[in-house]
Amino acid sequence: MAPITASREEFDEIPTVVGIFSAFGLVFTVSLFAWICCQRKSSKSNKTPPYKFVHVLKGVDIYPENLNSKKKFGADDKSEGKNKLVMPKNSLHLDLEKRDLNGNFPKTTPKIQSSSDLENLSPKHFTEREKDSISPDSLKSNMSLSSEEKQEKLGTLFFSLEYNFEKKSFVVNIKEARGLPAMDEQSMTSDPYIKMTILPEKKHKVKTRVLRKTLDPAFDETFTFYGIPYSQIQDLTLHFMILSFDRFSRDDIIGEVLIPLSGIELSEGRMLMNREIIKRNVRKSSGRGELLISLCYQSTTNTLTVVVLKARHLPKSDVSGLSDPYVKVNLYHAKKRISKKKTHVKKCTPNAVFNELFVFDIPCEGLDDISIEFLVLDSDRGSRNEVIGRLTLEASAEGTGGEHWKEICEYPRRQIAKWHMLCDG
């Protein structure tokens, strides 16, 4: 009986030994897995993220080539000048690390400070394919600024122009801006970006990225416009609008630069240019134009039919040419908006023909507490639309607005049309 008892004790110790070995094996496996995860995480953190600044704009093909090419990181300039350093092919990682928090490149080469310095420069400072396009006429136009504009300096914009005859494309490189004013009074800085439009057709509109908290933004962004014959370059005008981004309200307009391309010769290669930023030139008109409106009040169905027929003599919103007007119609009851409609946009015309009908349901009997507001706006794809003029029709309105409202109340079921002068928005 004794040997049988000993064998049973040995069998009782086997599960204990197996449990101990299993515990050690589990701890070793978990530790190994954690070490492998840490190694993978550290290796991923050391890799450079694939930065790609690609502009996607309607109707404008910015980068037709393969986007995997490293040439998309930054400018496409092959040789900006003799004084600039040549970037090696394998220096992409270093260049990205040299950017500051605002995305700017450090300034390592001396650049032109003002238009007065350009007069003292000789052609030797540029390569055979890079010539300064500042003519005496353009210098005179810069010197003809008013005394108020000279006192309030808004900075300088640096850019280059080029025409690619092989691809039949017009290339604009927005390099940088210097000496911008501070639009944020608290931080005493700005968040600048640039909008560029090719006039007079305004078909091509592009804008740069926003650079945070800087008064000397280095954009270095290239925009390529295809389908523009070289023979039409002389008829075009470049309009640069320099703005400061505002997250909580409308972006602040710093200034603008207008570059007529007539007289600028691009056949010999890239041209480096700079222009002083001037205050935005808004054309103020004595009148905001007129709007032809037809109204009909149906007392039986308690509806109001509004027909926006025409607009005429609309002012130009700014130096960028004619407006792209459309009309917003707002219905108010007891000073509270209860319905809104809008017309289609009419391109590049001061005399728009809309002929669009809207039917509004009136929540009460009669038109005593009802009013209609008409807003004529200029459509702008790149920013917020600007109000050209305003018109309000109600019982307490003065002039033609009050007369028109009184007539539709006295003659229901009759369509009555009148011209109305627009007031400032």
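Glycine too: its Cβ is placed from the backbone N, Cα and C atoms.
Per TrEMBL, the features are:
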type	residues	note
TRANSMEM	17-38	transmembrane segment
REGION	98-146	region 'Disordered'
COMPBIAS	105-119	compositional bias 'Polar residues'
COMPBIAS	125-134	compositional bias 'Basic and acidic residues'
COMPBIAS	135-146	compositional bias 'Polar residues'
DOMAIN	153-274	domain 'C2'
DOMAIN	287-420	domain 'C2'
Where DSSP helix means H, G or I and strand means E or B, what are the helix, strand and coil counts for the domain 'C2' (153-274)?
6 helix, 63 strand, 53 coil
By DSSP assignment, list the helix, strand and coil residue numbers for the domain 'C2' (287-420), in that order.
11 helix, 69 strand, 54 coil
Taking all residues of the domain 'C2' (287-420) together, what is their mean pLDDT?
89
